[in-house]
Amino acid sequence: MGSIATEEQYQMKKPSFPTEANSLEFAKSLDSKDHLRSFRKKFIIPSKANIKATSLSKPEDSDSAIYFCGNSLGLQPKAVAEYLQVHLNTWATVGVHGHFRKFEDSPMIQWQLLAEHAAKQAAPIVGALPSEVGIMGTLTMNLHLLMASFYTPTATKNKIILEWKAFPSDHFAIESQIRGHGYDPSEAMIMIGPEEGSYEVSTEKILSIIDEHASTTALLLLPGIQYYTGQYFDMKTITKYAQSKGLIVGWDLAHAAGNVPVQLHDWNVDFAVWCTYKYMNAGPGAIAGFYVHERHGKVEYVDDKPVFRHRLSGWYGGDQVGRMNMQNGKLGHGKQNKTLKLTGTEFRPSPGASGYQVSNPSAVDLASLCAALSVFNQTSMADIRKKSVHLTAYLEFLLLSGPSKAFQIITPADPDARGTQLSILLKPGRLETLSDMLEDAGIVADKRKPDVIRAAPVPLYNTYEDVWRFVQIFNSALAKFE
Ligand SMILES: Cc1ncc(COP(=O)(O)O)c(C=O)c1O
């Protein structure tokens, strides 16, 4: 994964399929032409028997499960085990020196620089400059930390615009921030929802809510992709418009990072947060990512005093050399410190996103993320998006050309307004039985009560054959209700 791609590279027409596309042979022919087909082998694909196992001694079964749950937890890249072992070997071999020693036969670098290394690898995935990305903590923790810097309410301008079905954690985070500043969430939380009877929130609606509340709003915080409907918001237009009205703009990219080609830097986004366990495949609860635009990461010195955007600080936000200086006049680890003007307790942030870091990050966690990113970095978001648009359109085509009318796809039909996920709204009363039937048949997709199944074919490890088989099983399960 090299430099940031241009927007034109991502604009794709909606694929169309001939009637004969509804056959296993056709699906297999698409797989044989898939430019990313070699990537599936880089992941551990559970078998149908594995998925139902209650013991870790893996049942023998060569029949792969159909895993459409990358929107919740991505599958395990094979590289993860290797990187974790390297990390353990480093710790076992040199103990504390692992913080500063780079091994010639390690795919990683010294623990001290590992977070910056991971940030550099993650930057092209979210269309950011390497210096604009930081790796730490978890999504909600990072959201709190960044809101501490970017939500600066006043008596007359304290509202936060969010969406009507915000992921509960985002809702709680926003609510508690507002309360913490002494304002009333019932007045300061402005929720944007779709029109009655619709699931899609139009850009016009969002802009009109911005217009209505601009003079009293401090922050706009939306998801890049809405977790329930799978709608991908027009981040560029919304960011530009909200900023033109004086709002700070932040995005929750939990469902967008590694899924759709966001362009955080070019779109001038103020800040963003994401988790890495969904489309980035770094493992359950893995260390998260955040972005701050370079203008917010500037550190200038006036009379040798650092001037920078306020943030909640910790020693890992301090510049890499200074962070080890615990006391005035004493040198910390590392020979390079000799040239540093020692500053004792004065916080001198690193420029860029790394200046927003707080703590010593978990190296074991970073090892897992670096492994996952090493797979990503053998391709590009442009290539991932190309397959994703096609694969999801194939899923949509097969679902809509099937016999059942007992469901509706509530994800936008426009490929520019969605990622890989399709949210399938069932007629009432079918969800539990249907999802049990899918599970029995070795399908992993997730259910959202009361009536939605979310199916996310992931370009790095899912096949067109997975999609075809999924729809066969889905149709025959639904037929049992007719
Ligand atoms: C949209 C969204 N926001 C926030 C979160 C919470 O993430 P975390 O538990 O890593 O803080 C999730 C988790 O799935 C999510 O989907």
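For all residues, glycine too, the Cβ spot is worked out from N, Cα and C.
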Checklist entry - Leu139, Thr140, Phe167, Pro168, Ser169, Asp170, Asp252, His255, Tyr277, Asn360 bind pyridoxal 5'-phosphate according to TrEMBL; which of Trp91, Trp315 goes with them? => result Trp315
Next on the checklist: Give me the long-range Cβ neighbours of Lys278 (N6-(pyridoxal phosphate)lysine): same chain, 6+ apart, Cβ under 8 Å, in sequence order.
Outcome noted: Gly70, Asn71, Ser72, Leu73, Gly74, Ala254, His255, Ala257, Gly258, Asn259
Checklist entry - Looking only at Phe167, Tyr277, the binding-site residues on record, which one has the least crowded Cβ, with the fewest other Cβ atoms within 10 Å? => result Phe167
Item to check | Close-lying recorded positions around ligand 1 among Tyr277, Lys278, Asn360, where CB distance stays under 6 Å | outcome: none
Checklist outcome for this item: CB neighbours within 10 A of Asn360 (pyridoxal 5'-phosphate binding site), counting all protein chains shown, number 15
Checklist entry - Once the DSSP letters are reduced so that anything not helix or strand counts as coil, what is Tyr277 (pyridoxal 5'-phosphate binding site)? => result coil
Checklist entry - Do any residues at least six apart in sequence from Asp252 (pyridoxal 5'-phosphate binding site), in the same chain, have a Cβ closer than 8 Å to its Cβ, and if so which, in order? => result Leu139, Leu143, Phe167, Asp170, Leu221, Leu222, Pro223, Gly224, Ala272, Val273, Trp274
Checklist entry - CB neighbours of Leu139 (pyridoxal 5'-phosphate binding site) within 10 A? => result 24
Checklist entry - So how many other Cβ atoms are close to Ser169 (pyridoxal 5'-phosphate binding site), meaning within 10 Å of its Cβ? => result 14
